[in-house]
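Pulled from TrEMBL:
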type     : residues : note
DOMAIN   : 12-398   : domain 'Major facilitator superfamily associated'
TRANSMEM : 40-63    : transmembrane segment
TRANSMEM : 75-94    : transmembrane segment
TRANSMEM : 114-135  : transmembrane segment
TRANSMEM : 156-173  : transmembrane segment
TRANSMEM : 185-204  : transmembrane segment
TRANSMEM : 231-254  : transmembrane segment
TRANSMEM : 274-292  : transmembrane segment
TRANSMEM : 304-324  : transmembrane segment
TRANSMEM : 367-388  : transmembrane segment
TRANSMEM : 394-415  : transmembrane segment
Amino acid sequence: MRLPDVNVKLLPIKAHFFLMNGGTTPLTPYLTTIAKQRGYSARLVGAVFSVLPLTAVLARPIFGAVADHYRCQKTMFLSFIVVITLITTSYKFIPDQPVDVSNERDETALTTHQFWLFCFFLVARYVSNSVVTTLSETICLQNLGKDTHKFGQQRLWGCIGWGSVSMMMGWLIDWYSSGSMVKDYTPGIIVSVVFLLADLLVAFKIEDCQSDVVSKHIFKDLKKVFKDNKVVCFLVWVVFFGIFYGSISLYLLWHMEELVTKYHPEKYSSIKTIQGTLIAVKCFGGEAPFFFLSGKIIKKVGHLNSIVIGLATLSLRFFLYYIIKDPVWVVPVEILSGLGFALPYTAMTAYGSMLAPEGLKSTVQGLFSTFFQGVGVSLGSLITGYLFNELGSSYTYLVLSILALVVCCIQTLTIRIMAKTTKLQDNSNVNTEA
């Protein structure tokens with residue numbers, strides 16, 4: 001029996017994705033519910049989490065440009081892993097909110113140092129994590145060379161790390177909290193720090209394949225990139241995907257807690273276990289298989305059509321969130337995250353790398369991440385937080401389902417127009433050459 005060929009150079013990258021995602025999952029999925037537990041309203045939380053991605057608007061392209069110009073992306077990469085570890089540890093020292101903040105008391109929360117310490121923790125963690133994500137994906141694509149379609153096969157290990165830890169994390173938090181309505185996240189902090197320290201050791205082994213080509217006129221070259229209609233359309237789609245992704249990653253667990261409170265209060269003592277199971281199903285049942293298969297699918301249907309598939313799937317997911325009343329039944333819906341996130345995210349990452357000229361890989365990848373997280377997720381948080389407050393969580397997902405379907409139809413039409421335009425240009429060039 002012939003064993004499959006293993007690219008040894010890529011093993012440290014796979015291990016990094018596994019450990020980094022395993023190190024962030026104990027807290028990241030629960031940040032909005034932690035804010036909710038501290039007494040902040042959906043509107044206030046939406047405002048805070050809409051500001052967080054905006055910090056990445058500056059951080060990602062700036063650090064990406066510095067990494068490109070000074071050719072120091074690995075040093076920067078390792079440094080920010082250390083920063084994330086220290087910030088995660090610091091959460092234990094943030095005091096609890098002294099008052100029960102509600103919609104009528106948002107102004108009271110804004111006057112407390114506890115609220116601002118919590119906000120500083122969120123900002124510092126978000127910026128550090130966004131820089132590491134951008135640089136790790138850039139380094140991964142550089143190591144892959146021309147095989148960018150294999151990015152998903154590397155990224156799936158992050159999904160496995162996320163799912164493996166989340167499988168036990170929800171139960172561990174419920175167990176440590178002893179059935180209390182107030183959850184204690186100490187186990188999450190400990191597990192997170194252990195994984196991040198292990199990741200730091202592994203990251204030293206990753207080969208630095210940063211290009212020797214350095215762009216001498218970064219802004220001039222970027223201006224040329226933005227003149228390409230393909231780039232502009234691509235970034236618009238990235239923003240919408242960020243909006244939809246933010247409404248799920250930041251608010252789905254909140255929605256589940258709303259369902260428990262309204263329809264199944266007897267299940268609240270085990271809500272973190274249910275949420276942990278949901279994350280595990282999302283990773284292993286949805287994302288991991290499609291991160292693995294994404295390369296073949298993208299080669300078959302193309303990058304842009306893969307994004308269309310993702311939008312159609314998101315519309316279906318949102319509609320299912322709207323009609324389901326029992327949080328337990330939200331769990332199997334997450335199998336759709338493979339088509340709704342893993343496939344389109346891989347397609348967008350690889351497509352962004354293809355559009356980037358040499359010497360600007362980290363910069364353009366930083367811009368892609370900025371439009372996805374900094375603009376899209378920011379808007380998603382603000383819009384979803386507002387709609388949760390005004391319409392309730394279920395009706396919010398109905399609105400998002402309709403919006404995703406509309407965007408899907410518009411993108412399909414745009415792709416066809418772009419294809420016809422490209423054919424006309426090609427024919428014109430042939431006639432000119434003749």
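The chain as shown is numbered from 1 upward.
Placed from the backbone N, Cα and C atoms, the Cβ positions cover glycine too.
A TrEMBL annotation is a machine prediction, not a hand-curated record.
Keep in mind that what you see is a predicted model, and the values were worked out from it rather than measured.
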I'd like to know if the transmembrane segment (75-94) touches the transmembrane segment (231-254) in this structure, counting it as a touch only when three or more C-beta pairs sit under 8 Å and are separated by 6 or more positions. no
The transmembrane segment (367-388): which same-chain residues, six or more beyond its ends, come within Cβ distance under 8 Å? 42-43, 45-47, 49-57, 60-61, 64, 130, 133-134, 137, 222, 235, 238-247, 249-251, 254-255, 348-349, 352, 395-396, 399-400
Could you check whether the transmembrane segment (114-135) and the transmembrane segment (40-63) come into contact, where contact means at least 3 Cβ pairs under 8 Å with the two residues of each pair 6 or more apart in sequence? yes
Would you kindly list the residues that approach the transmembrane segment (40-63) from elsewhere in its chain, counting only those six or more residues past its ends and only Cβ-Cβ distances under 8 Å? 31-32, 76, 97, 101-103, 106, 109, 115, 119, 122-123, 126-127, 130-131, 134-135, 242, 246, 250, 254, 363, 366-367, 369-370, 373-379, 381-386, 388-389
Examine the transmembrane segment (304-324) against the transmembrane segment (394-415) and state whether at least 3 Cβ pairs sit under 8 A, considering only residue pairs 6 or more apart. yes
Intrachain residues whose Cβ lies under 8 Å of the transmembrane segment (156-173), provided they are six or more past its termini: 14-15, 17-26, 29-30, 183-185, 187-188, 191, 195, 272-277, 279-280, 282-284, 287-288, 291-292, 342
Counting only residues at least 6 beyond its ends, the same-chain positions whose CB falls under 8 A of a CB in the transmembrane segment (394-415) are 233, 237, 240, 244, 247, 251, 255, 258-259, 304-305, 307-308, 311-312, 314-319, 321-322, 384, 387-388
Which whole-number mean pLDDT does the model give the domain 'Major facilitator superfamily associated' (12-398)? 83
